[in-house]
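Student: One structure coming up, written as structure tokens, with questions to follow.
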Amino acid sequence: MESIFHEKQEGSLCAQHCLNNLLQGEYFSPVELSSIAHQLDEEERMRMAEGGVTSEDYRTFLQQPSGNMDDSGFFSIQVISNALKVWGLELILFNSPEYQRLRIDPINERSFICNYKEHWFTVRKLGKQWFNLNSLLTGPELISDTYLALFLAQLQQEGYSIFVVKGDLPDCEADQLLQMIRVQQMHRPKLIGEELAQLKEQRVHKTDLERVLEANDGSGMLDEDEEDLQRALALSRQEIDMEDEEADLRRAIQLSMQGSSRNISQDMTQTSGTNLTSEELRKRREAYFEKVRLRLQKYIQQQKQQQQQQQQQQGDLSGQSSHPCERPATSSGALGSDLGDAMSEEDMLQAAVTMSLETVRNDLKTEGKK
């Protein structure tokens, strides 16, 4: 398929695309076709002048626009026919009585040119197979021998004019290659507008879940923790005036999902919006994880204070007072500092995720009670 020359639609230059796809190369440009159209206009003007330059018909002819081309890029069948004469090629109307009397099977021809409402396209045989080279398609469309006659009949039923191209077409690489091999097409090409609309729709309807699945290399069903993590991400996105610490925590959650220190470097580089050196990136990375470590220390201190309060309350209920010397010798601040120093980047990120999930669960429980 790659060897087949196929010009895609640009503006209204379908006549140019039709000719070049037929000849399998960039043989004609809009300038060359315009020159042929102007030549035809001049020949028509000279014929009209034979009846008298002062006649009403001649003055009316001069006031009318060209019938061979317009500003949009449309060219008439006369322009296409004259362009093909340069290569010794001739056009014959497919459903004309003269051609129908010949009773030629369409698969024994070499190519067809089809026209409907100022749109032109080529159907050509390359090697031993037929292809629809319509410039409105994203690529060549394979047509089987058994389907060719039905395809042409369907075009006629839709109002297309079909012309048989007679003569020897110029040699091309695709024809030579497909003489030796046959191609198969698993998926038919789409219309250019249809493909663009589909891509746009996919971009609009791409969900957060799809993004997570892509980040996890297309993993399967999400477990409960991952679902909670999705809720945490959704809530964090809804917070418009997010504080710096919450922003850092959201970034830590995203990095933990990616699960690689290399992705951490990429995320920090994208956040800065500038090209950073490795040293600058390392410093920013250390500063960032220092902020996370401090955040974890604060979290550990809070957890430790809650445990102490619970122990004190239990001691009061049982009639046993708690003595300061019975408590652990290591303070919560020292514990947080030692833990923060001993934790790896991945451990800190996992702890940050745990903190976020716990916050979300508490919020959900509070909403449920309300």
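If you go along the chain as it appears here, the first residue is 1 and each next one adds 1.
Glycine is treated like the rest: Cβ placed from N, Cα and C.
TrEMBL: automatically predicted annotations, no manual curation.
As listed in TrEMBL for this protein:
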- Cys14: active site (ACT_SITE)
- His119: active site (ACT_SITE)
- His119: active site, proton acceptor (ACT_SITE)
- Asn134: active site (ACT_SITE)
- 226-255: coiled coil (COILED)
- 258-278: compositional bias 'Polar residues' (COMPBIAS)
- 303-314: compositional bias 'Low complexity' (COMPBIAS)
- 315-334: compositional bias 'Polar residues' (COMPBIAS)
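Mind mapping these onto the model and telling me what they sit next to?
Tutor: Here the Cβ of Cys14 (active site) has 23 other Cβ atoms within 10 Å, regardless of which shown protein chain they belong to.
Around His119 (active site), the same-chain residues six or more apart in sequence whose CB sits under 8 Å from its CB are Cys14, Leu136, listed in sequence order.
Shown in sequence order, Phe121, Thr122, Glu141 are the residues of the chain, 6+ apart in sequence, with a C-beta less than 8 angstroms from the C-beta of Asn134 (active site).
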Student: On average, what pLDDT score does this prediction assign to the coiled coil (226-255)?
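Tutor: Value for the coiled coil (226-255), mean pLDDT as a whole number: 57.
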Student: Going by DSSP assignments with H, G and I as helix and E and B as strand, what are the residue counts for the compositional bias 'Low complexity' (303-314)?
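Tutor: Tallying H, G and I as helix, E and B as strand, the rest coil: 12 helix, 0 strand, 0 coil.
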